[in-house]
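These come from TrEMBL:
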BINDING   19-26, 71, 98-101, 125-126, 198-199  substrate binding site
ACT_SITE  20  active site, tele-phosphohistidine intermediate
ACT_SITE  98  active site, proton donor/acceptor
SITE      197  site 'Transition state stabilizer'
Ligand SMILES: O=C(O)[C@@H](COP(=O)(O)O)OP(=O)(O)O
């Protein structure tokens, strides 16, 4: 068998994961999570650039999945528009929402690092099974989140929606949706884009690639950069994930996200 045929046989499905373009609170270095902040100007540009890149790469999507948060939905729309593929169906679920950061929502990461130490903030952000402090009714964004009409449309009662989540808990709520709704579409041969969030995409990567609980702490995704996965017939990766685009810029963007947790007085 020629090497080309071998690759064709082994790489049966391609899937693209995307952390939405920069949001207003990414820019302000605040934990955004379930607060429905919109894309910044830069985030709109990132989403359009991502669409152009995916078009250049020859992508033709059949289906797009998003969370219920505007920044993931707008990113999907902008990507599809830049590709001239606006007709492609977009399916939304709370199960693809960003990790629920609990009582940390709205707080500035650098200030939290000053108060609690960089190590604690790193554990909150990147560890697999540490749950941040729970949000409660006294939190300034509690009502805005739980009174939002979109959360009355979920497949669980509002009272059972999370009040804070570790990455493990994100995977626990995401996996049933992945197995029941996303996987069957991949297996039909559809080319799928998941326009999600830093941590919902990390949870999918952990599951699909079998990343260990320790190693997932070293996976950070920048905004607006498509992650290409090539999978075999059992949905196992046939090669390492590829972050598409200028590699030097991508490395700089990853460092910028990691550095958001360094101690600094907010300006
Ligand atoms: O909730 C947030 O603020 C960020 C992730 O924050 P970190 O885990 O990077 O601190 O999520 P996203 O911008 O992908 O929706």
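Cβ from N, Cα, C; glycine included.
Heads up, TrEMBL stuff is auto-annotated, nobody curated it.
Only 19, 98, in sequence order, out of the binding-site residues 19, 22, 98 have a CB under 6 Å from ligand 1.
For residue 22 (substrate binding site), the Cβ neighbour count at a 10 Å cut-off comes to 23, with all displayed protein chains included.
According to DSSP, residue 19 (substrate binding site) is assigned to a strand segment. Residue pair residue 198 (substrate binding site) / the residue listed as 'active site, tele-phosphohistidine intermediate' shows a Cα separation of 8 Å. Taking the C-alpha positions, the distance from residue 19 (substrate binding site) to residue 197 (site 'Transition state stabilizer') comes to 4 Å. The Cβ neighbour count for residue 197 (site 'Transition state stabilizer'), using a 10 Å radius over every protein chain in view, is 28. Under 8 Å, Cβ to Cβ, and six or more positions away along its own chain, residue 101 (substrate binding site) finds 31, 32, 33, 34, 124, 132, 164, 165.
The candidate set comprises the recorded positions 20, 25, 98, 198. Of these, 20 has the most other Cβ atoms within 10 Å. When secondary structure is read from DSSP and collapsed to three states, residue 101 (substrate binding site) falls in the coil class.
Just so you know, the Cβ of residue 19 (substrate binding site) picks up 30 other Cβ atoms within 10 Å once every protein chain is counted.
The separation of residue 197 (site 'Transition state stabilizer') from the residue listed as 'active site, tele-phosphohistidine intermediate', Cα to Cα, is 6 Å.
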